[in-house]
Protein chains: 2
Amino acid sequence: MRGVIRVLLAEDQSMVREALAALLGLEDEIEVIAQVARGDEVVDAARTHRPDVALLDIEMPGLSGIEAAAALHRTEPGIRIVILTTFGRPGYLRRAMESGADAFLVKDAPAAQLADAIRRVLRGERVIDPTLAAAALVDGASPLTEREREVLRASGDGSTNAELARALHLSPGTVRNYLSTAIQKTAARNRAEAVRIARDKGWL
Amino acid sequence: MRGVIRVLLAEDQSMVREALAALLGLEDEIEVIAQVARGDEVVDAARTHRPDVALLDIEMPGLSGIEAAAALHRTEPGIRIVILTTFGRPGYLRRAMESGADAFLVKDAPAAQLADAIRRVLRGERVIDPTLAAAALVDGASPLTEREREVLRASGDGSTNAELARALHLSPGTVRNYLSTAIQKTAARNRAEAVRIARDKGWL
C-alpha cells in the first residue's frame, strides 16, 4: 500500500484555496501539506515541503502558474505538476504542457476529476480534457512574437501609442508596427478586437 | 440551541462550487442543502429547498448573482443573501446591496469569513469589507445610463459602430453618441479605456 500523497497548493484567492484544500481533505490518501498565494513562492515551498504533486492556478501574482510550472520543472523535476485554471484557453494549455505540466484541468470540471488527476499524474499519466486538447492542436500555437505579445497586452487598457512607447521603452513608430502586425496576425479589424481574440486564445 | 443553517450555493464553476461546499461542510451547524450552476435557477431552487441563506457568485450564466439576488429578495424576502465574488468592484457592491444582499464577500478573503458571514446575516447583520464599502461610497454609483452601459459593454470586443448598431437595433449615429457620452463620463480618452475603467469600477 502506498502512503499519503503530499500536495502543494498554489492559488491566490484565499477562499478558493482553502476550499480546494477542504475538498482534497475529503480524500483519505491526499494531504495538502503547504499552501502559497503567489507564483514566485512555489519553488521555495516545494524545496521546503517536498510535495509529490504541485497544484497550480494560472493567474497568480509574482509568477503565473505556467511560469511557476516551468521553474519547478527545471529545478525539481521529480514533482508532478497539475495546472488548475478558470480559463480553458488553448494557448494556456499548450504553454502549460510545454512548461512541463502533467495535467491541465479547468475549474468548470466536476470536483472528482481533481483527486483523480492527482492520482493519475503520480502513475506517470498525462491528464488533459480531450476537447481542449483538440482545440490546442488547432489554434493553440500563438502567431505573435514575444514583443508583439507584450505590446498588444499593454495596449489592452486603452493606452495611446505614445504612452505604450514610453512604458515599453520603444519608439512610437515601433509600437505602431508591432500593433499593426499583431492585428494582422490575429485577423482582427482593430486593436481592441486583436486584444480580445488573443486573450480568448490564451496568447496574451 | 438553534438548528442547522441551510445554505443554497450558486456558483457556475463546478470545482469551485463543490470545494466551497466541502469548506462549509467542515462547519458543524452549516449544511449545503442545494447547489445550482446558473443564476436563473436560484429562485426555483430556493422555493424547492427552503434555505436560510443563499450564497451567490456574481458571474453566472442566465442571470448574474446580482440579478438573482434581486429576484430572490423580491419573491422570498425571508432568505438572507450573501454575495461572493472574485471581483471586489465598488459598483458591484453597490448594486448588490441595492438588490437586497445582506453580505458581500470577495474570494480573496480568508475562508473563515464565509461561515462567519453566514452566521452574522442570520442574526440580521450586514457584512461588508470596510475598505470596499468606503470605495463604493466614493465611486460606486455609475454615471452611465442603462443604454450607455449596454453600448459600452457591447463595444468591449472590438465591434465597429455599424456592428454595434445592428446588434443593438440602434442607428450608427445613436451608437456614436452613447459611446461618446460614456467616454466623457468615465473621463477616458478612448473607447477601450472607457471599457476598462467602467469594468474596473463594476459599472458594466
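Glycine is treated like the rest: Cβ placed from N, Cα and C.
The domain 'Response regulatory' annotation in TrEMBL covers A:6-122. DSSP states for the domain 'Response regulatory' (A:6-122), grouped as helix (H, G, I), strand (E, B) and coil, give 54 helix, 27 strand, 36 coil.
Taken from TrEMBL, the feature 4-aspartylphosphate applies to A:D57.
Taking DSSP states H, G and I as helix and E and B as strand, the domain 'HTH luxR-type' (A:137-202) has 45 helix, 0 strand, 21 coil. Sequence annotations record features per position, and here TrEMBL assigns domain 'HTH luxR-type' to A:137-202.
In this view, A:D57 (4-aspartylphosphate) is surrounded by 23 other Cβ atoms within 10 Å of its Cβ, with every protein chain counted.
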